[in-house]
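Undergrad: Per TrEMBL, the features are:
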- His187: active site, proton acceptor (ACT_SITE)
- Gly11, Ala12, Ala13, Gly14, Gln15, Ile16, Gly17, Asn105, Gln112, Thr129, Gly130, Asn131: NAD(+) binding site (BINDING)
- Arg92, Arg98, Asn131, Arg162: substrate binding site (BINDING)
- 6-148: domain 'Lactate/malate dehydrogenase N-terminal' (DOMAIN)
- 156-321: domain 'Lactate/malate dehydrogenase C-terminal' (DOMAIN)
Amino acid sequence: MTSPLKVAVTGAAGQIGYSLLFRLASGALLGQDRPIQLQLLEIEPALKALEGVVMELDDCAFPTLAGVEIGADAEKVFDGVNLALLVGARPRGPGMERSDLLEANGAIFTAQGKALNAVAADDVRIGVTGNPANTNALIAMSNAPDIPAERFSALTRLDHNRAISQLAAKTGAPVTDIKKMTIWGNHSATQYPDLFHAEVGGKIAADVVNDQEWLENDFIPTVAKRGAAIIDARGSSSAASAASATIDAARDWLLGSAEGDWVSMAVRSDGSYDVPEGLIYSFPVVTKDGNWEIVEGLDINEFSRAKMDATAAELTEERDAVKGLGLI
Ligand code: NAX
């Protein structure tokens with residue numbers, strides 16, 4: 001049997017972790033032929049709860065789970081990992097300003113970036129789910145100078161999947177008929193889900209829908225604010241869908257995106273589409289053999305341009321704020 005892929009998950013005792021770990025262990029990432037080894041990071045007070053989760057993982061007797069290690073020391077837990085899924089982050093507490101949130105997460109992602117830089121495997125890929133995901137990825141990347149910048153990405157796949165689902169519901173098409181969805185920008189309310197390049201059964205989605213009012217005032221806000229709607233309904237934030245998207249993103253990154261389609265990933269901007277270079281910005285990308293490439297040459301209309309610029313402006317502000325705090 002091939003050697004196990006070593007996968008680190010941070011925040012492993014949290015809500016997303018409770019769904020993510022079982023799907024990773026059962027083969028949702030790499031199929032039934034490649035075992036994985038889980039290396040789980042938590043803060044000290046959550047280690048006992050994590051032990052309970054590991055007991056449940058043991059009780060599943062997953063054939064593809066080669067082993068599990070847990071700990072609170074990032075340099076130990078990240079040792080030799082090929083894939084790091086950075087899920088744990090500091091949520092916004094009562095009375096916390098945005099700058100407090102950036103600072104609290106900055107402390108986490110500077111330390112984790114440094115630890116990955118020191119001990120991860122040479123082929124490591126790092127996916128950031130913990131919010132503010134784009135800026136956390138930027139902080140980790142900036143603190144890991146020996147890891148190529150293109151190995152870092154932040155999760156906008158949940159937004160991408162939400163956009164596909166909303167479009168499928170509107171058009172009556174199955175989700176499998178929807179291709180080339182793009183989320184541009186930040187994983188936040190300013191994100192821009194683009195129907196001018198997405199296709200429904202091979203036709204441009206905006207033409208199929210032919211309803212600018214729905215596109216602007218229903219579709220975009222529904223996708224962008226879906227997280228809040230889930231909190232309203234469920235009493236806690238999206239967890240199973242976030243775990244599923246985290247796996248979708250990692251699987252496509254490692255194994256390749258589907259022929260004739262693309263996926264959304266927040267990656268370091270190289271200036272494509274006039275997005276300021278260096279921002280971690282969500283683009284349409286194709287992936288192959290563990291690498292991604294931005295889909296170039298799409299025509300951008302005026303409506304899209306304004307939305308893409310607005311989300312870039314928000315990310316620029318976040319970057320300037322963490323720069324001001326000395327985190328990057
Ligand atoms: P939970 O609060 O249930 O779990 C987070 C876990 O992280 C906790 O167990 C905590 O002890 C741990 N943690 C905190 N600091 C840590 C550190 N320094 N090292 C290791 N572990 C640490 O949150 P959950 O619902 O699982 O969400 C996790 C993160 O995902 C949050 O930041 C959340 O905002 C973010 N999300 C991102 C999404 C995306 O699409 N990018 C969607 C879902 C989710 O909102």
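Placed from the backbone N, Cα and C atoms, the Cβ positions cover glycine too.
What you see is a predicted model, and the numbers here were worked out from it, not measured in a lab.
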Undergrad: So what pLDDT does the domain 'Lactate/malate dehydrogenase C-terminal' (156-321) average out to?
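TA: Summing pLDDT over the domain 'Lactate/malate dehydrogenase C-terminal' (156-321) and dividing by its length gives 97.
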Undergrad: In the structure shown, with every protein chain counted, which of the recorded positions Arg92, Arg98, Arg162, His187 has the densest set of Cβ atoms within 10 angstroms of its Cβ?
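TA: That would be His187, with the highest Cβ count within 10 Å.
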Undergrad: Cα-Cα separation of Gln15 (NAD(+) binding site) and Asn131 (substrate binding site), in Å?
TA: 14
Undergrad: What does the structure give for the C-alpha distance between Gly17 (NAD(+) binding site) and His187 (active site, proton acceptor)? Integer Å is fine.
TA: 19
Undergrad: In the three-state scheme derived from DSSP, which category covers Gly130 (NAD(+) binding site)?
TA: coil
Undergrad: So of all those recorded positions, Arg92, Arg98, Asn131, Arg162, His187, which one's Cα sits nearest to Gly11 (NAD(+) binding site)?
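TA: Minimum Cα distance from Gly11 (NAD(+) binding site) across Arg92, Arg98, Asn131, Arg162, His187 lands on Asn131.
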Undergrad: Select, from Gly11, Ala13, Gln15, Asn131, Arg162, His187, each of the recorded positions with a Cβ positioned under 6 A from at least one atom of ligand 1; if none does, say none.
TA: Gly11, Ala13, Gln15, Asn131, His187
Undergrad: If you measure from the Cα of His187 (active site, proton acceptor), which of the binding-site residues Ala13, Arg98, Gly130 is the nearest?
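TA: Checked the binding-site residues Ala13, Arg98, Gly130; minimum Cα distance to His187 (active site, proton acceptor) goes to Gly130.
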Undergrad: Near the Cβ of Ala13 (NAD(+) binding site), how many other Cβ atoms are there if near means within 10 Å?
TA: 24
Undergrad: I need the nearest neighbour of Arg92 (substrate binding site) among the binding-site residues Ala13, Gln112, Gly130, using C-alpha distances.
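TA: The answer is Gly130.
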